[in-house]
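K.L.:
Marked as active site, charge relay system by TrEMBL: S146, D222, H254.
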Amino acid sequence: METLSENACFGGVQGVYRHASSACKCDMTFGLFLPAEAKDGPVPILWYLSGLTCTHENAMTKAGAQGWAAEQGIALAFPDTSPRGDGVADHEDYDLGQGAGFYVNATQKPWAPHFNMWDYVAEELPALLVESFAIDADRQAITGHSMGGHGALTLAMNLPGRYRSVSAFSPISNPIGAEWGRKQLSAYLGDDEAAWAKHDASAMMKSTGFNGPILIDTGANDQFMDLLRPEALAQAIAERRQQATYRLQPGYDHSYYFVSTFMEDHITFHAEALYGE
Ligand SMILES: N[C@@H](CCC(=O)N[C@@H](CSC=O)C(=O)NCC(=O)O)C(=O)O
């Protein structure tokens, strides 16, 4: 693993690192914020999964998360959103290919050899972080924005016991029922929709749910509302009687101005779960 940068940040360190990924079969870059407490021993970690067009850098520089994480003594992981590089397939559309990995393991050409973001985020990167940094593997939580909110919710519901809490900012909530989802799931996973269900937060909520607290915020003025389909997930939460707080925030859109506004709430929410019994 190569250190690309390390900067003092709120008493801790904001680092950027690159490593050869076996899951994605290319070099991958990620950001990691370690609070001051990590000098004394392993700290809890909050994963932040980013949205379409993002790299590891967008949330790291725009979400305003480090100050709140430093107050709570929590590490923050910022993975990239897809494999990248000259030998990696891509598409001219901004919502397919590089920058749009959708947190699945692709089974279809030309994506299959590299687009394994599920394995990368669920297995490879956690193992690397626990091995290389002062991270407590037993205290993990996950959040994300838009495509990353979809990833956070589906990973949390598919991996019971892994994350103590899950939250999301304007998540893609029903990809089977919207163009932000059908396009990518058919490209990466093929036309058999049975393989899509584990990657649909509303379907997973109906079938499985989450054994822990959930917090979701979406801006009421979100310009992508019809693609996100929050109503499908809200209905599934209600039908399941799942423990959850689902808020529509008046006046807010899909941007990082919205994400940064509610970041304190989300980190406080995760801290309660990460430090509880
Ligand atoms: N290219 C489009 C839309 C891009 C966009 O809004 N991306 C969001 C995530 S959308 C869902 O996953 C984002 O986080 N962008 C990065 C940022 O720093 O804002 C357009 O430009 O309209």
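Cβ coordinates are placed from backbone N, Cα and C, and glycine is handled just like the others.
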K.L.:
Tell me which residues of the chain lie with their Cβ under 8 angstroms from that of H254 (active site, charge relay system), as long as they are six or more apart in sequence?
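P.N.:
Once residues fewer than 6 apart are set aside, H254 (active site, charge relay system) is near S146, S170, G219, D222, Q223, F224.
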K.L.:
Provide the three-state secondary structure of D222 (active site, charge relay system) computed with DSSP.
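P.N.:
For D222 (active site, charge relay system) - judged by DSSP and reduced to three states - the answer is coil.
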K.L.:
Let me know how many other Cβ atoms fall within 10 Å of the Cβ of D222 (active site, charge relay system).
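P.N.:
There are 20 such Cβ atoms around D222 (active site, charge relay system).
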K.L.:
Could you find out if DSSP has S146 (active site, charge relay system) as helix, strand or coil?
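P.N.:
For S146 (active site, charge relay system) - judged by DSSP and reduced to three states - the answer is coil.
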